[in-house]
Amino acid sequence: MREAEVGRLLAANLLCALSIVLAALIPAVFLEGFSVLGTHLTWLCICSVCVATLNIILHLVLKPNQSSKRRSFAHKISRFLKCCIYFFMSCILFHAIIVLYGAPLIESVTETFLFAVLLSTFTTLQCLCLLGPNLQAWIRVFSKNGAMSIWESSLQITSMCSILGAWFGAFPIPLDWDRPWQVWPISCSLGATFGYMAGLIIAPLWIHWNRKQLTYKSR
């Protein structure tokens, strides 16, 4: 395993983490009254757009999973449209799962959907950038010992950390503390965000520490 590749992964992940920090700080300069808690829905939109944009740019520049095959323009357009459909379906699926876990069905629909978009950005969008609209590749990556590169290992870690962060973020909501951040879905979205950022930092460190045990084979 090349150290340079781990360094590229670390740099890309740190940039993604930095984009989240900037998404919380920079809008306050241009939007009056902006805050992560006070205008949470606005922050959800800005954070999702910033993370999505940077992820797409990084994968276009770094090309971690570049194929040797040359693709036609029509194939690229078809792939792009499939990715858009998959992302939208992911948002709907996450929305349904969140409702099944106790979110309001009719009330706070906008809040729940934007939270689903944030989760899809942290998980599905990364899969689409790295693996494309290939469900078999997704299943392979998230199966035991299914990763074939450090980028796929990082995808596993960041996705799981994001979902676990969102799940742990739901714990304070029913507590009778009357805190502003207990309003749906603030604690869950913050939990997912912190989980995603933790995954971004943990992934390259874990890969570096276990580089001698990690052997990726082409399949």
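Heads up, the Cβ atoms here are built off N, Cα and C, so glycines get one too.
Automated prediction, rather than curation, is the source of TrEMBL annotations.
Owing to the predicted nature of the structure, the values given are computational and were not obtained by experimental measurement.
Record features, source TrEMBL:
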TRANSMEM  9-29  transmembrane segment
TRANSMEM  41-62  transmembrane segment
TRANSMEM  83-106  transmembrane segment
TRANSMEM  112-132  transmembrane segment
TRANSMEM  153-171  transmembrane segment
TRANSMEM  183-209  transmembrane segment
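Panel annotation: around the transmembrane segment (153-171), residues 9, 13, 101-102, 115, 119, 122-123, 126-127, 130, 141-142, 147, 187-196, 198-200, 202-204, 206-207, 214 of the same chain, lying at least six beyond its termini, place a Cβ under 8 Å from a Cβ of the stretch. Away from its own ends, the transmembrane segment (83-106) comes close to residues 112-113, 115-117, 119-120, 123-125, 128, 132-133, 170, 184-185 of its chain (Cβ-Cβ under 8 Å, at least six residues beyond either end).
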